[in-house]
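A quick write-up on the structure given underneath.
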Amino acid sequence: MQMKFLKKSNQSMQTIICQHCQRNTGHQLSTLPKVYRPSSVNTAKNIQTIICQQATKLSTTNYTRQMSSTINPEELQKFRLLSQKWWDSRGDFAVLRAMNSLRIPLVRDGLKHTGIASLKATLGPKPLDGLKILDVGCGGGLLCEPLARLGAIVTGIDPLQENIEVAKQHSAQDPQISGQITYLVSSVEEQVQNQPSYYDAVVASEVVEHVDNVEVFISSAVDLVKKGGSLFFTTVNRTWLSYVLAICIAEWGLRIVPRGTHEWSKFIPPVNLKEQLESKNCHIQLLHGMCYNPVTRKWSWITDSSVNYALHAVKLNETHTT
Ligand SMILES: C[S@@+](CC[C@H](N)C(=O)[O-])C[C@H]1O[C@@H](n2cnc3c(N)ncnc32)[C@H](O)[C@@H]1O
């Protein structure tokens, strides 16, 4: 169950109330670190959710849950500030939109090759017809929408309410995908409680490098997939080259990604991702490097995975011993 907190409307009280049980959480606005306090009444809407994150973090009754939560409040705050920009064609997420030219075929062809997509469907215009796909950390729905257009029944989850609202509003503009996408404010560790082994595929594109407890994240993602189903990740390797290209050049030099988007220490080497997936009885089907050309604004596949890479894993039917 997700805990949400509300700041009581009476500004003078400044008391934080749990939205679920309506009890006082015991946290006062004045006791929160300065960075989480409103600088003006105009920012109250944003601040309310910032307080929510901090209140969740501070709540002692929630401590055990926090220890295994994949949610990092500082990371979420970065995306909260950008939440209205998901669909700006030349905006902060243009690089992610451009990545669809690789990741949509990756998912489509991956599911075709594992045989989980029906042969009949793969020959037609909706090759993912009826397949249940979970897009974890869906943001504004950049990936959910094209997957739904290929026939998938998509669930997009993101811990940020602001992202989910943008995603819902945007997808509502296209009647072609009406009823095919469900958006939820949620995390993998919450979803796995409700729907273990439910999905034909789980996609986590450019998310792993923003989470806490990456083992919990990967393990929950695997548990959400049915046997024979697939997991698709795109993320960033932790190498000196990724520091130079993904942070120094992309964020601080060319500014093709907003400054401060990435923490180099959170990048995950493919060998670690592979090991964790294999320990959860998954077979690594594909590992490919990806490269963005800032001049053409296009992504392409490369063999070298020392900066960006994509990985496709399949959850095995049987327990394999080596
Ligand atoms: C770089 S964006 C990628 C968005 C989307 N996957 C795409 O590629 O268009 C990272 C997203 O991960 C979400 N996120 C951060 N922490 C998360 C977590 N623990 N679980 C799920 N999503 C998370 C953020 O809110 C943000 O929407």
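Quick reminder: no glycine exception, Cβ is built from N, Cα and C everywhere.
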Out of Ser68, Ser69, Ser197, Ser205, which does TrEMBL tie to the same S-adenosyl-L-methionine site as Arg103, Gly137, Asp158? Ser205
If you compare CA-to-CA distances from Arg103 (S-adenosyl-L-methionine binding site) to each of the binding-site residues Glu206, Glu209, His210, which comes out shortest? Glu206
Binding-site residues close to ligand 1 - of Arg103, Ser205, Glu206, Glu209, only those whose C-beta is under 6 Å away: Ser205, Glu206
Need the DSSP three-state call for Arg103 (S-adenosyl-L-methionine binding site) to compare against my parser. helix
Rounded to a whole number of Å, the separation of the Cα atoms of Asp158 (S-adenosyl-L-methionine binding site) and His210 (Mg(2+) binding site) comes to 12
